[in-house]
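Remarks on the structure that follows.
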Amino acid sequence: MMFTPLIVLTLLVLATAEHQCGPNEQWSDCPGCELQCGESDKPCPAMCGDPKCYCSPDQYRRIPDGRCIRKIQCPQH
(Lines of atoms letter the chains of each structure in order from A; the text may use other names.)
(Lines give C-alpha, C1' and ligand atoms only; values in the text may rest on other atoms or scores of the structure.)
Protein backbone atom coordinates (compact mmCIF):
# COMPACT_ATOMS: atom_id res chain seq x y z
CA MET A 1 0.00 0.00 0.00
CA MET A 2 2.88 2.39 0.64
CA PHE A 3 4.01 2.06 -2.95
CA THR A 4 0.74 3.38 -4.40
CA PRO A 5 1.51 7.10 -3.83
CA LEU A 6 5.00 6.58 -5.26
CA ILE A 7 3.62 4.87 -8.37
CA VAL A 8 1.03 7.61 -8.89
CA LEU A 9 3.67 10.32 -8.50
CA THR A 10 6.01 8.57 -10.94
CA LEU A 11 3.25 8.22 -13.56
CA LEU A 12 2.30 11.87 -13.13
CA VAL A 13 5.90 13.02 -13.63
CA LEU A 14 6.30 10.84 -16.73
CA ALA A 15 3.03 12.04 -18.26
CA THR A 16 3.96 15.68 -17.67
CA ALA A 17 7.47 15.23 -19.09
CA GLU A 18 6.09 13.86 -22.37
CA HIS A 19 4.25 17.11 -23.07
CA GLN A 20 7.10 19.57 -22.51
CA CYS A 21 7.80 21.30 -25.78
CA GLY A 22 10.64 23.50 -26.96
CA PRO A 23 10.60 27.26 -27.51
CA ASN A 24 7.77 28.44 -29.79
CA GLU A 25 6.20 24.97 -29.73
CA GLN A 26 2.98 23.66 -28.26
CA TRP A 27 1.60 20.17 -27.61
CA SER A 28 -1.33 18.83 -29.59
CA ASP A 29 -3.10 15.49 -29.39
CA CYS A 30 -4.37 16.10 -32.93
CA PRO A 31 -1.94 18.33 -34.85
CA GLY A 32 -2.62 19.33 -38.41
CA CYS A 33 0.12 20.27 -40.84
CA GLU A 34 3.12 22.14 -39.58
CA LEU A 35 4.54 25.03 -41.58
CA GLN A 36 8.17 24.58 -42.63
CA CYS A 37 10.58 27.13 -44.04
CA GLY A 38 10.47 26.97 -47.82
CA GLU A 39 7.31 24.84 -47.92
CA SER A 40 4.54 27.35 -47.19
CA ASP A 41 2.64 26.38 -50.38
CA LYS A 42 2.59 22.64 -49.59
CA PRO A 43 -0.98 21.22 -49.50
CA CYS A 44 -2.27 20.10 -46.11
CA PRO A 45 -4.84 17.30 -45.72
CA ALA A 46 -7.50 18.02 -43.10
CA MET A 47 -6.74 15.16 -40.72
CA CYS A 48 -4.98 14.56 -37.43
CA GLY A 49 -1.33 13.65 -37.27
CA ASP A 50 0.38 11.80 -34.43
CA PRO A 51 0.28 13.59 -31.04
CA LYS A 52 3.41 15.71 -30.69
CA CYS A 53 4.93 19.12 -30.11
CA TYR A 54 4.54 21.32 -33.15
CA CYS A 55 5.36 24.91 -33.99
CA SER A 56 2.98 27.55 -32.67
CA PRO A 57 0.59 28.92 -35.34
CA ASP A 58 2.76 31.92 -36.25
CA GLN A 59 6.00 29.90 -36.39
CA TYR A 60 7.77 27.84 -39.08
CA ARG A 61 9.95 24.75 -38.55
CA ARG A 62 13.50 25.47 -39.71
CA ILE A 63 15.29 22.56 -41.30
CA PRO A 64 17.84 21.08 -40.47
CA ASP A 65 17.99 22.14 -36.79
CA GLY A 66 14.23 21.80 -36.20
CA ARG A 67 13.76 25.09 -34.32
CA CYS A 68 10.50 27.01 -34.62
CA ILE A 69 11.06 30.54 -35.92
CA ARG A 70 9.08 33.41 -37.46
CA LYS A 71 8.65 33.28 -41.25
CA ILE A 72 10.86 36.35 -41.69
CA GLN A 73 13.71 34.41 -40.01
CA CYS A 74 13.51 31.51 -42.50
CA PRO A 75 16.60 31.19 -44.69
CA GLN A 76 16.04 32.32 -48.28
CA HIS A 77 16.24 29.57 -50.90
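Cβ from N, Cα, C; glycine included.
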With reference to Swiss-Prot, which of the candidate residues CYS53, CYS55 participates in the disulphide bond with CYS68?
CYS55
Can you look up which of CYS21, CYS44, CYS48 is joined to CYS33 by a disulfide in Swiss-Prot?
CYS44
Determine, on the basis of Swiss-Prot, the cysteine among CYS30, CYS37, CYS48 paired with CYS74 in a disulphide.
CYS37
Just confirming the record: what cysteine out of CYS21, CYS48 does Swiss-Prot connect to CYS30 via a disulfide?
CYS48
Name, in the order they occur in the sequence, the residues of the same chain whose CB lies under 8 A from the CB of CYS21 (disulfide bond) and which sit 6 or more residues away.
TRP27, CYS53
CYS48 (disulfide bond) versus disulfide-bonded residues CYS33, CYS37, CYS55, CYS68, CYS74 - nearest by Cα:
CYS33
Measuring Cα to Cα, tell me the gap between CYS55 (disulfide bond) and CYS33 (disulfide bond) in whole angstrom.
10
Tally of residues which DSSP labels helix, strand or coil - the domain 'TIL' (21-74):
3 helix, 13 strand, 38 coil
Taking the domain 'TIL' (21-74) alone, what is its mean pLDDT?
89
